[in-house]
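Attaching a single structure in structure tokens format; questions to follow.
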Amino acid sequence: MLHDWSQAAVEHSRTRASHASLSLDDIDEENSEDETYEEAERISGCWRVGLCIGYIVPTWGHLTLANVGKSWAAGALALWHCYLFVASSMLIFVNCSTALLRFYTDWFAGNSSFHSDSPYATSLHFLGAFARSCILLSVTSDLLRFAYLLCKDAWRADAFEAYRRLVVQDSKKELDEGEFYTHSWSVCLTRAQQSWDVMFQCLLHVSLNLVPMALLMQSPIEIVSYRLICKICLGIGVTHILAFYLLWLFGELSLKLRAFLSAWRAARGLKTPQSRTSTRDTGSIWMSPQDLQFSSTSAERRSICLLCCTIFHWLEFLLPVLVGTMVLILGFAFHRTSLLIIGGVMALLVAILMVLNFCLFDGAMEGDECTPTWMYKCFPHPEILQAWGEKWCCLGFHAQKRQRYHSAMMLFVSASVFGAFHFPTLAITCMSLLCYMFLRMLWMHVEGQLGWLFAFLESIVNNTALACLLILTASKHGLKDFAVFVLLSFMRQFGYQRAISAGERVRVASTIILGTVHMLFVVLVCVALRSFWEEQAWSAFGTPMNATTFVSIPAEPAYDPSLPSQLPLCLVRFPYGHPPASKVKPPVLSLVDFALMVSLTYESADRAEEGCVHYFPGQWHIEARPDDARVEPWVDWVRFLMFTSQDNYTTVIAVRGTVTFVDVLQDVSLWLVPALMETMNMFGPDINSGSWGKSIATLSELIPTAHSAEENTFKSVLVATEFMMRKYPERTFYLAGHSLGGGIARLVELELPWPEKLLTITFASPGVHYAVRVLFGQLPESRLQQLEQDDQGSLNVKPVNDVISLIDAETGNTLLSPCHGRAWQCHSIFKILGGLFSVCGSMTHANLTVPCGWTPATACRSGQ
């Protein structure tokens, strides 16, 4: 009503202005002619009141959809909506990445992976992980596409127009064309559709605006914490992305079924067939064929972007041949027969497919010479069903080539990795699947108008094989795992979803990024499998130890005027344990003592014993791990040593850092989410700090089929620590570690019950702020906050220029140590010891000698 009154006020003011521009004679003439009309307009006194109100609120008549984009309020709301959807997209991306990693760490850690005598069992479990990864990757890239489309929809003048039209079922033309905003709202919306639109707009603004605002307004009185507010906002954002995607999915399925029924009747001759339009055009993985329009206008000829995109398009077209040739060359260079075979087969298959595509079979799909005569008895017009399949199921040759492109490239890279690391059964499995894809693509050239029938049969065979594979390789929650992936397969329409142009480049870019992450995990797990049982022969003392040249470390460092006389780094001391009734002042431990113990964890068992005797003669010994504190050998990934003082009142449990690729895999398992958030901060909004980062870390494992297994990370250290603390309650315990070992030591400290807390001293270790939320996200928020406070009992020595210690947020105490070198050099425990020696000397050691070469002052002389 206000809108009508304000519109009337605007029209009344325009009428008065037009009257003012007339002459007196014209006014008299109009007054005489329109006297009856004016009397009719004045009969309502209420309308005069409404006209006055319309003049008071004239903006109602001026603010329309045509200029709503100029409103700062609309822009602020759209910006908030985009931020929420981007944060939700990052949560989806993080969940997909963690799930991909868990699939392959489960394959690595499972007994059937590397303890089975049958290589076929290993191949079967790899195929299960690969199939799960491909399905999840496909669905995730589609969700990220619709998150982008929702951000785009938020900036429309008619906010969320596409989303609302899907809700009220007014987007049939957009669904048919695969693109939004090609048509406007229908002028014949029913009253029910209009009511649904209004109610859904209210739901949108309540969920996206009012709920976050109400929660934020009460946060100062702490009824709801900021973290819970961020979790609720992320849940709202993910819910809308899923709803948008599912609305499009079900709308497309509805049209697909209707089109199929119509095509079926037309193919059976029950209705007049329509003319078929050919769809055989070249395409790219980045865009559909109809989007590839190259003209030669002057603007396009001087466009650098067009030139770069054209070059990239041809590189994408030739990439399989180039990669196959590169693997072939690497096989020649490193004398790997497996790489020669894999690279040669790949290059040959792709070259044959390209030649046949351009020369021999061009136009074969358009003909019907391959269609048997009996088919015409059942389907007089089979080309109609084929046209339906090409439009709605991507059954065309080039559409199938684009759809299978990423899977084929991932299979080829996996086969190359397996061939390089001598896993012949896995390499043969991947190449067999590649050959199957190749033969299927060749068969598409000769199947004629029966492509829809062969695709239907292929779908039955593929999905039956996939179901059996998922059942055979399921985890301990097999039924739930199977149900989740059946749902994901349905969301991708069992591999026959239609290619749509809306947001296609975002989908392809997401697929490439996730595919790269996927391949990195495959390479890492493959290398870890190969090196799992290899013994490390490296030693800081050399071989044999009696031939090692040692350098004496002075008790006090050389005078340096640029440094203060006393550094906190040099003054920190930790007491030994002692009997309760003893009145003798116990000795103390320094940071050098802990660093030397940690350095011995990188040695073999025998060499660690010799090093302990050398560094701590008559003071410390290495205690054997109790049998009651052991876990299965294939679960015990962590290497640690227990140093106990001679009076048995002090024990230091030192955890080794990263040495092997198994350690790298463990690093990635524990700190993947913080590393991903740090990386995304470089390209998008800052979500790593504050409550947003904590919420994303807590919700980083929403996919029910992939959870981080604590027993594959630090269970062995935790079990040994708990056992020793229960067995020897009179002892004083310390945890120590370097790099990965330092992070594990801090996680073990937080996992221990509260009465048994102990001090943890680490060197160049990553933070555990978000890693704790990834591992223990199922705990209540109060317990997570308590864990953050418990980490204040740790001390981390951070070398200058170190990168690893920057991963994850730091919640404990830190001390900087000097280091002159590159990032990878400063991370070494021996460089850290050298830095301590340079500014603090040997601290509590009277006659400390170390192997030469740790610091410039202890450099080995010529001949040593």
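Glycine is no exception: its Cβ is also placed from the backbone N, Cα and C atoms.
Those TrEMBL annotations? Automatic predictions, nothing curated.
These figures come from a predicted structure and were not determined experimentally.
Quick paste from TrEMBL:
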type     : residues : note
DOMAIN   : 652-768  : domain 'Fungal lipase-type'
TRANSMEM : 80-104   : transmembrane segment
TRANSMEM : 223-248  : transmembrane segment
TRANSMEM : 304-333  : transmembrane segment
TRANSMEM : 339-361  : transmembrane segment
TRANSMEM : 411-439  : transmembrane segment
TRANSMEM : 451-472  : transmembrane segment
TRANSMEM : 508-529  : transmembrane segment
Tell me if the transmembrane segment (304-333) touches the transmembrane segment (508-529). I count contact as 3 or more CB pairs below 8 A, with pairs 6 or more residues apart.
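No, the stretches stay apart by this measure.
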Apart from its near flanks, which chain residues at least 6 from the ends of the transmembrane segment (451-472) lie with a Cβ under 8 angstroms of it?
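The answer is 124, 127-128, 131-132, 365, 382, 385-386, 388-390, 393, 395, 440, 443-444, 478, 481-482, 485-486, 489, 494-496.
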Out of 80-104, 223-248, 411-439, which stretch touches the transmembrane segment (304-333) the most, going by CB pairs under 8 Å?
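Comparing 80-104, 223-248, 411-439: 411-439 has the most Cβ pairs near the transmembrane segment (304-333).
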Other than its close neighbours in sequence, what residues sit by the transmembrane segment (411-439), given a CB gap under 8 Å and a spacing of at least six beyond its ends?
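Contacts of the transmembrane segment (411-439) (Cβ under 8 Å, skipping residues fewer than 6 from its ends): 119-120, 122-123, 126-127, 130, 320, 323-324, 327, 330, 336, 338-339, 341-343, 345-346, 349, 352-353, 404, 519, 522-523, 526-527, 529-530.
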If you run through the domain 'Fungal lipase-type' (652-768) with DSSP, how many residues end up as helix, strand and coil?
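Split by secondary structure, the domain 'Fungal lipase-type' (652-768) comes out as 61 helix, 16 strand, 40 coil.
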If you average pLDDT over the domain 'Fungal lipase-type' (652-768), what do you get?
81
